[in-house]
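Below is one structure; the comments refer to it alone.
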């Protein structure tokens, strides 16, 4: 831990653990808080070593002081922790955090006199007085100077991003905080955002695009005069290739100033707006009020989504006035329309305050009861009925205003306003006509902005800042967007049905009226000129309305409705006007609860019930780069299989699933046939293994199967299956050619017929992913249109559950079947399950319960490994609902490397376990469905065989059960196993229910907390509450962390000879006692354990034991309670007897009293190699050069454990973990170069990409001349063919280009604002600075220390490929390249020779073969695809002149040419 372990020592640690986190709280400080604080200091550029002293803590408090009032919770916690550590160093006694802060405040005021008051972390501080503006560039004495952004501004920006999560508030917040900033300041703000790297990458891409556009629009001018300021490029505006001074000059120069800061701000705003849309995907058109949602909650969601919309204020104003009312639920909409034109938001909220509440429900119920209890009308007695008299003065029934005794009301008795009487009241008018412009006629869409219709508000009549034509165009564009949204996803009514095919093909241009069925489709119709609100009902045969008079030309008729039989009047040829369309139809009038237009009028109007869905388009699939399709020949098949395949292929060809392959198709895959389960039909299979190898990779979209315990309880369930699922989805045309296969014929009587797939083939690896993706798209509109219906789809199995009535549920299922059938998916009736029990995914489902389908365990006389594997699989499947299932001893039957067909010998324990499982399976178990409103609980139990079982339940109803028997270690601890059980249950619950259950665990709180304090880094554990159950898990023994004073100390050791397997184990004490035991057939680990057991046996109730074995220390520190090893069980029993025990580990033995003596005691005649004398030179080497582990191990022959310990004890090397060395794929001559800065000096760095070799030195100026000199110096030492740099001015200068041209070096540049393009040298800059920090004290000047650090990195760091240093690797690469070139030149001479040869005793000459290599005694010959080694005496080498030569022609044999033209 480096500096962290030395922050507090001895008594200070004890004092720390007594301080409470909060006054009066139970939790106290632990060492883990110190470790956390040390990690957090790095974020503020503070060293961890400052925590080791009082003065250092005071420096930290000084830095954190101004940040606390506006800081995050983490910052405040860090400040509090540092205050506590300061008090411990100052030996001040504190009880809690608040007391520590008060003490620190008092001391700092007394010592410095400047700390007037410590910041309070418990409440926010008031903002400081003064100007609050943010102006990084200020004019002082006529000159512009740059003032860096304050930490408070940066902290406000970070806090804004973290709290709002890129909500709509981030854009105006950025605009306010970045006002007047330069690109340097804006980049500083972006770099402060640590998380949200996806959003940062989006912003970087926008910056790159905008910078490229800027460069295109502003080309580079000609040569500039000396001293004149250059024009900014795109990378200059982004701040990557320009300085702050240049940015200020561009912004504030007298002639043609360029506001680079504002330009860069605009680029960032574009990126932020894109991020806002990504993080807030909800469209404003989709924000609708739920049936029971309060209006205030709906308004909050509406305005939150409105802020994320990036549009002009006029469109937002229209959205507010139109969509807010349009998307309200029917109850609120009715109230809002009564408020008149353009009500304020305050009026809307006030009016809709009680909607949906108990009061409104009571009023509606009273009105319904009043209508239901009203006396039935007497036939032909309408003339005798009298209208109820209502008083206009007091509003009561039973008397007129003349008879009213109440005081006379002033003003109008209708509206209450003065200035007119009730007869002239404008609100008494029917209001059918409007006195404002109607605008364009549009359809009555419940969700569309429309100036006419019963459910819309018109355009506001007050003047607008924009012309009316622009507002109308914006509204029309919004209408088109909304129409596309509705047509793409909602189930609705469309009328009229003209141009239906055009609409489904994707032409969204015509505005057919549509009605989303999220509420009742109600329109205003005119029956013989009389307005009436009617419901469009596709389930009604006739049309009936109430409240209108159509004369006496009618015929009486009795019709049956929802409320019983109704007496009506039937009128024929009545003129009806709906949606600006007139028809003549038959209509009835009568006492109906709601006015209905049935199918007779809907058909005449051309209306239809539609379910628009997206067209199933094939997904493009390609082969892997450089790969070609399969070309595998068809193997022979029996006549029976050929006939079956022929019949199957002809059927598939008729159905459009196959088509005949053209003769130019070169690809082929073997096909064969197997019998189906019923043994009567055949199934065609294609061996797509070769095609799968060359096809691109896919991702499984559905990662697991759904579980019935995660289903909500519903009254109706239906299960259906998609027949030939894969064959219903088209395969991309470009990929079909690779699926070609051939049907052979018997005796090759005729050419085989070749087919290719037009649909997804079975057995191809892309079919599951494409099918899952397509089904999600197909079912998405159905899910949106039926939010109350549960639709679970896994591959071709679909489950539909709802609480609807039987008729409505069956109608919904029918709609889904029609949807699937319309897209080409078949839903076979034999797999359609309407009544329980439903067979689904291996389960049996009932409306109120679920259980597993019948489980039959196999009965066999002879069991193989494969049989046992299948048996265990069946039992594990049953364990999800049958508690107590065990497979421990069954799994032990097949331990080790065994073949699948190998016979298994049963043990008594396994037979007993199987019989016990059979008894459990004979008792049927049932599971329940999930109820979200109830609490989810998990109860854990442990049986005698160390197997954990658990059940997840809600009250007494069990959802599912499970078991856990994984024991990863030989020596186990009950609390650790319990943590793994909790982890498994937590992950399982998150997957199935999306929430963590409340745990009932058999462990005491003290036991858990004692273990968790030491092992809290173990892994992810869900949050859980302790519930008291009988404790089964206990910690068996008490290990202390500090040596026990006054008790005997045992030094133990063991050793073993690997050849003879003989060993010794023993101990020696600080009081002179020792003991050695000779062991046979042992190992080093067993000898170490034996020595530890001897020390435990011979020690008293309290003891200190020192071991040098990490194996022993790991077992003891894990506090095992049981083990499979008899020796470890003996150690556990002895440790339980101890009152207290201290165990420590020390590396090696040298210089440690007692440990060195016992090592010599047990090593005589056993150990053969000692490396202790090399540890001190290795330590000196590391202190000097800070070499890594591999270098120390290689140079001094130390074990890696010892070398790693040397590195771990070095404070300078522990600020970062050990690097993972490697090598990128690069050419030999490729180098990267960059400039970095340290202590005010400029360091130019060049890195050889392939080896990691580094050249670096300090240069006086970052100019092109100095860079060119360094490049020339580098090129004179090493071979360079390619140099990669960034776009810095020194690297793009003419001097560098001239040197690169002269030396023949190809130069390339990185991408602006993307340092990953030169990632090797960027990383090496970081490593170089770390190395300099380690050896900084060994030299005075920066020039010297840079060269020393380069030497250490090139010659003292071993690792990567070949375990070589960078210098060795570079020299080896250059040498290898030269050898390859030499061998290539030598081998090129052999290309024009051919070899005839004889093999074995065969006297016939074979060949010719290609000569690959000629040695002194043999030659290497390539014949076809075979490579042969032939003795020289059996080979004849001739030169190939292109024509045929005789073998025996002596003029062409080896050695006969005078000019030496031989190999």
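Note that Cβ sites are derived from N, Cα and C of the backbone, with glycine treated the same way.
Here is what Swiss-Prot says about this protein:
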MOTIF     16-22  motif 'Nuclear export signal'
REGION    111-137  region 'Disordered'
REGION    440-507  region 'Disordered'
DOMAIN    655-845  domain 'Reverse transcriptase'
BINDING   721, 796, 797  Mg(2+) 1 binding site
MOTIF     1008-1024  motif 'Tryptophan repeat motif'
BINDING   1053, 1088, 1108, 1159  Mg(2+) 2 binding site
BINDING   1182, 1186, 1210, 1213  Zn(2+) binding site
BINDING   1234, 1286, 1322  Mg(2+) 3 binding site
DSSP-assigned states of the motif 'Nuclear export signal' (16-22) in counts, ordered helix, strand, coil:
1 helix, 1 strand, 5 coil
Compare the C-alpha of residue 1053 (Mg(2+) 2 binding site) with the C-alpha of each of the binding-site residues 721, 796, 1182, 1322, and give the closest one.
1182
Neighbouring CB atoms within 10 angstroms of the CB of residue 1108 (Mg(2+) 2 binding site), all protein chains considered, total 22
Cα-Cα, residue 796 (Mg(2+) 1 binding site) versus residue 1182 (Zn(2+) binding site), nearest Å, comes out at 65
Excluding 721, 796, 797, which residues of the same chain place their Cβ within 8 Å of the centroid of the Cβ atoms of the recorded Mg(2+) 1 site?
720, 722, 725, 794, 795, 798, 831
Cα distance, residue 1210 (Zn(2+) binding site) to residue 1108 (Mg(2+) 2 binding site), nearest Å?
21
If I take every residue in the domain 'Reverse transcriptase' (655-845) and average their pLDDT values, what number comes out?
84
Students should find that the Cα atoms of residue 1182 (Zn(2+) binding site) and residue 1322 (Mg(2+) 3 binding site) sit apart, in Å rounded to an integer, by 26
Alpha-carbon distance [residue 1322 (Mg(2+) 3 binding site); residue 797 (Mg(2+) 1 binding site)] in Å:
53
Can you tell me which of the binding-site residues 721, 1088, 1186, 1210 is spatially closest to residue 1234 (Mg(2+) 3 binding site)? Compare CA atoms only.
1186
Could you tell me the C-alpha distance between residue 721 (Mg(2+) 1 binding site) and residue 1210 (Zn(2+) binding site) in angstrom, no decimals?
66
Which of the binding-site residues 1088, 1286, 1322 has its Cα closest in space to the Cα of residue 1186 (Zn(2+) binding site)?
1322
Sequence-distant neighbours of residue 1088 (Mg(2+) 2 binding site) in its chain (C-beta under 8 A, six or more apart)
1052, 1053, 1054, 1065, 1107, 1109, 1111, 1112
Residue 1210 (Zn(2+) binding site) and residue 1322 (Mg(2+) 3 binding site), Cα-Cα, nearest whole angstrom
25
